[in-house]
Each structure stands twice: as C-alpha cells, then as structure tokens.
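Below is one structure, written out as structure tokens; the observations come after it.
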C-alpha cells in the first residue's frame, strides 16, 4: 500500500482531514469541528461587509472626482481605472507573501490592518475642511481647484487601500475553498457550489453599497457616506477573527515564483539534452518527502515537453535546483503556464467590466432619473441594476441551469468552466451592441432638442432606457464570475493563492488596458480638428463609436478564446472526481459539450489527475 493510502487510512480512523489541513500551530485538524460551511459562514459574513465597504468607495468614486475634485470625464475615468488596476494587481504581492512567508491567514490579517488605516485616512480626507477642496457654487462655471496637498492625501489614502486589498483579495476566497476536504465525498460536492455562493455574497454587499451608501453620499454627504463603509470594514475583520478556531489551513510550500523560475532556467540550460522516453527515468523525490510536507507528487504529463528537460538527469545536473528539478515541480510549472493564454484572453472582458460601469454612470447623469415628483435616483446607484441582475442570474444558474445541464453532461458544474466563460463573452458582445445603439438614439434626441452644446443638459429621456444594457452586463458578469473558480481549480494546490492572484491581476490588467484604450481613442479621434469620440461633454461625444469598438474587440477576442479553449486540457476531469470510471481527454469548445478524442500520445494525460484527487496516480513507495 502506498504512503498516500496509509496516511489517508490513519487520518480517517482518527477523524482528521485527509488533505493535510492543519491549525495555526501546524497540527492536523479534526474534520467534524472545523471547516465546511460552518467556517465559511464567517468568511461569507466578512465578504458581505467588506464588499459593502469597498464598493461604497469604488462605485461612486468617479462622481467624487468630478463633483468634488473637479476632474473631467476622461481624467476621472482614467484615474478610476488606474486605481482599480492597482487594486487588482497588488494581490500578486499578497499571494507571494502568503505562499512564501506568512501563510494565508496571517497575510490576510496584517494587510487587513493596512486596509482599515487606508479607509480611515480616506474618510478624513473627504470630511475635514483642511483636507478637502471648498464646495463649488451650484451655478458656477469655474470651481476652485483643490491644492496639491489635498489631492495628494486623497490619492495616498486610495492607494493605501489598494495595498491593503492586495493582501486580502487573493487569500480570503482561497481560505474559503480550503475549508472543504476533497478526499471527503460530501465536502467535495459542497466545494463545487462554494464559488457560486461566494460570488453571491460579494454581490449582496455590492448591492447594499450601490443603493443605500451611494444615496447617503449624494444626499447626506461623502463624510457620512465614507464613514459607514469604514465601520463596515472594521466589523468585517472582527467577524473574520471570531471564526479563527474553525478554520483549516494549508501548509506553506515556499516561493512559487522561485520554483517556476528554477524549472524554466533548468530547462533552458539543458536545451540540448534528450528527454528519456520512459517517465520513470526522470528525476523525482520519494513520495514520503511530499507526504511529510502535506503534499503529494504529480505524475508526468506529455504536454509542454520542453520543460521535462528540467527533470532530465545528465552528467552536470548534480543536485542544483537551478539545473535539476523533480517531476512534481515541473508539472506545477506546466499547470501555471497552461493557464496563461486563458488569462490573456480575459483582458478584454475585464476591460469592458472596468470601463463601461464608469461610462454608464456618466450616461445616467445626462438622462432623467426621477421616480415620481420627489425622488431622483442618484447616478451612482445605477450600477445596482447590474448587481441585481447578477444576483438573480447566479441564483438561476446555480439552482436551475446547473441541474439542467448536469442531467445531460454528467458534469457536477453542469457545463465546464471555459464554456461558462465563453457564454459570458458572447453576452458581452450583445451588451456592447445594445449599448452602442442606445447611445446613438440618445444623441439623436439630444441633437433634436439642441442640447449638444450644454454639458449639463438633461435629455428628455428616462434613465430606464439604459436598463437593458445594465441587465445584460449583470448576466454577463454572472457567467464571467467563473473566472475565479477556473484559476483556483486549475492551479496546483501549492500555488492556489497565486492562481487566485491570476484572477485579480487579470482584472487589474483589464483596468490598465481600458485606461490606455480610452486615452488612445481620445487622442487619435481628436486629431486634425475633429471632435474626439469621448469628451467631457457627453452630449457632444460620439460614445456609440467607442462602444462599437468594444463590440468588435470582443468578437475578435472571443474567436481567439475559442482557439485557446479548443486545445486546453483540464488539470483533472470533474466527472472523474465524482467516480466516473470513464475518462477522456476533454478539449473544450465554448458553449458546446464536445469531447474530442485524444491523440495516442496523450492518452496517459487522460488517466492522470495532476493534483491530489481521489484517483490521483502516485508513485509507489
């Protein structure tokens, strides 16, 4: 019997988790009193309050920059996108620190403190007269600009908040997924639904922020409107800490970037070395070495064969980690590299998510927002329609569509992760076409009433003409929410924080792409005396061209995504994890449940789970 099986039997007889989970002191934890939804209830509670706090700032930030700091449409949109990019890029730092030095729990706790301090400074920056610019008279055409010091304090607080989220975002959802033992059939089923309900909690917090908090900000003031989310963030961290005794933790596995770099360097240094045809001749550590660290070895797969040179023994290899790497380390590197094309294909969807939210709010400012004679919808609250569409869509997806598709595919998720992302991309294409048509019709009304010269003019159209694009965006985001699950699920277990950071960094790059695209389009289309597509005065802009450009980019990106999906082979088959003895190498064609027959030299991969699943093939002791 292999060491894996012996360890599983011993742990199971003692009622311990069989996936190597430990407590904060490194001791094995009992399954009955830790983890599962009991532990996740604290994490979900944290996420609801934290998302309320974050989106209480982010959702209405563009309005603060334009109304209080007096920035123009292009400048404010660019600044929001750059800040959002930093928010989503910094998790790479948090993932590195968690996997290499402090672990997920302590990294999260330390960076939460930074997050809270940033929120407090930001609240003071919008509250104290000395730190915020003077109010602009209602009918003034020129407003007093804020001082350099006031701008500096505000943006310092914003980016301090971004640094704090860098340590919380990649770790909190990973800690949540760690609460389910994949060696226990019941917990494994629960884990399949975890990310859907995790995103549901995100949207609940967002909805509260985009309705109540933004209404407070625009009707009562930003001081109170920022103080409430700051208090909410403090409450969220307290909820997280209260759940500490129930959490399961994974053993740290060292610097993931260093392990990947060693494989790449070793493979390049031995580029002339021939890889043996027999995988058993490759260098690998004894299974007991991995078991002692709470890990299991990964069998060799025939993909990205060049990297196998890193595990190939030669006369000069010795024991140097920069010239000879074990098979498991090579396979971990392969798994991370395989995800990079998918990661790149998600830039455009992330750019759309970043850009159009801000522009939709700007559009809302040009339309009638009254409901009845006395109530006017704050423009920042318009994104609540997106969130409500998300909430409804995720509920329908989890409770109806997953069960429907599962009856045909046998896949516990209903459809595969890449199919889910592909559907989201198709809906985004429809979204941008609808947004372009709606904006074209709005401009026709503006011109018919002679309002194109007045930046503050309100077109005689209800804001609800934007409702179809808000709903489409919410539905698209519900499908694209599978991105976080994809990167977590397909990453090797020792690098799952880094896998989650790939998700967040994708959103960050998407924000920077949208900023660069907006700046480029504004500059190029404004040459030779022409009006730019996007101006501070949206009534004189041709925003419908800009939306049409996004539609074209989305179509081209979707075609590329189809090609990538056609050749992507999953780390493991979900069906197999649930006891299906039939296994085929699945190659995903988005939107279709198509299994392509693997080539003869790829058949071993169809028999291998490259992480510790119930049927993972391990080297015997």
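Indices start at 1 and increase along the chain as displayed.
The backbone N, Cα and C atoms fix where each Cβ goes, glycine too.
Going by TrEMBL, these are the annotated features:
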TRANSMEM  105-128  transmembrane segment
TRANSMEM  148-166  transmembrane segment
TRANSMEM  195-216  transmembrane segment
TRANSMEM  222-242  transmembrane segment
TRANSMEM  342-361  transmembrane segment
TRANSMEM  377-397  transmembrane segment
TRANSMEM  417-437  transmembrane segment
TRANSMEM  457-480  transmembrane segment
TRANSMEM  501-524  transmembrane segment
TRANSMEM  544-564  transmembrane segment
Below 8 angstroms Cβ to Cβ, which residues of this chain, lying six or more residues outside the transmembrane segment (544-564), approach it?
341-342, 345, 347-349, 351-352, 355-356, 359, 421-422, 425-426, 428-429, 432-433, 435-437, 439-440, 443, 518, 521, 525, 533-534, 589-590
May I ask which of the stretches 148-166, 222-242, 342-361, 457-480 has the most CB pairs under 8 A with the transmembrane segment (501-524)?
342-361
What stretch in 222-242, 342-361, 377-397, 457-480 has the biggest tally of Cβ pairs under 8 Å against the transmembrane segment (195-216)?
377-397
Six or more residues beyond either end and a Cβ under 8 Å away: which residues meet both conditions relative to the transmembrane segment (417-437)?
342, 346, 349, 352, 356, 360, 468-469, 472-473, 475-480, 482-483, 485-486, 489-490, 544-545, 547-548, 550-551, 554-555, 557-558, 561-562, 565, 568, 588, 590-593
